[in-house]
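Participant: Before I ask anything, let me first share the structure, which is written out below as structure tokens.
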Amino acid sequence: MLRPALYPLQGIMFFLVHPSLWCRCFCGLLIMLLIAIGSLVGYSFLISPTAHALIDANCPTGLAWVVAVILMLIEGSLTVIILGLLLMPLLQDTLFDDVLRIRGLDEPLLKASEVYRYTAIRGIAAGLTFAMVQILVLLLSIPINAVVIVGSILALAINGTLLAWSYVLHYHIEVRNMSFRQSRHWIKLNWRDFAGFGMVAFALEMIPLFNVFFMFTNPVGAGLWVEAEYRKEITQRGQPGNKYDGNMPLPPGLDPSYASSVTATYQ
């Protein structure tokens with residue numbers, strides 16, 4: 001099993017050799033492009049009313065039209081940004097699930113998660129709230145970068161850990177049927193691994209021009225990491241005398257008798 005910090009890099013290679021993942025991203029980008037075009041076309045109808053309203057407010061005619069166009073562009077951009085913040089996590093979760101399917105974990109993980117479909121809304125709500133927290137923390141951590149080297153590393157660790165958590169939050173809540181508190185506790189127990197993965201992933205997403213590409217490959221790397229952890233977990237729980245501390249619920253999809261015996265053994 002690789003070190004967690006290497007999985008974002010492995011995700012790049014895995015993404016490049018699996019064209020089915022490309023199609024998923026192209027569809028997402030196409031949807032965002034259509035949203036951008038639609039928002040610009042829709043808000044363009046407001047240019048004339050806005051300009052005339054400014055003219056009626058004694059604004060110079062030329063300036064009124066310029067301001068109206070600028071407002072239209074700002075409104076369109078905000079619409080795209082907001083919808084992007086809502087849609088990107090969903091696309092990343094889909095890529096994450098695709099990796100599990102490709103790696104042969106469709107039955108034990110994704111199929112079993114259908115039992116917990118009532119958690120889907122809870123997972124989406126948690127994901128959206130978490131995205132807002134990520135943005136807030138990112139803004140608050142900007143001044144930390146003023147401290148040379150140490151500040152940059154600290155900001156990278158903080159934002160990276162949150163980024164890594166965001167990639168597995170869907171898996172924890174919707175697949176593992178964990179609560180948000182259980183997920184947070186799991187992150188605390190394994191914060192070094194999440195910091196290692198997240199710092200590399202966050203650094204990749206900070207690279208200009210290529211950051212969008214890495215926003216697609218990082219969830220792929222997270223899926224590969226979770227797959228490796230899952231197989232390791234199943235192997236360890238099947239070994240005699242190996243104790244389970246109860247920090248994470250038993251993986252869904254296990255044979256009920258096996259799950260019962262494991263639970264009884266490790267209690």
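Backbone N, Cα and C define each Cβ position, glycine as well.
Marked as compositional bias 'Polar residues' by TrEMBL: 258-267. Feature annotation from TrEMBL assigns region 'Disordered' to 237-267. What TrEMBL lists as transmembrane segment is 21-43, 63-91, 120-142, 148-173, 194-216.
Explain the structural surroundings of these features, please.
Facilitator: Long-range neighbours of the transmembrane segment (148-173) within the same chain, counting only residues 6 or more positions beyond its ends whose Cβ lies under 8 Å from a Cβ of the stretch, are 89, 92-93, 96, 119, 122-123, 126-127, 130-131, 133-134, 137-138, 141-142, 179-180, 182-183, 186-187, 191, 194-195, 197-203, 205, 218-219, 222, 226.
Counting residues 6+ beyond its ends, the transmembrane segment (194-216) has Cβ neighbours under 8 Å at 3-9, 12, 15, 21, 25, 88, 91-92, 95, 156-157, 159-165, 167, 187, 222, 225 in the same chain.
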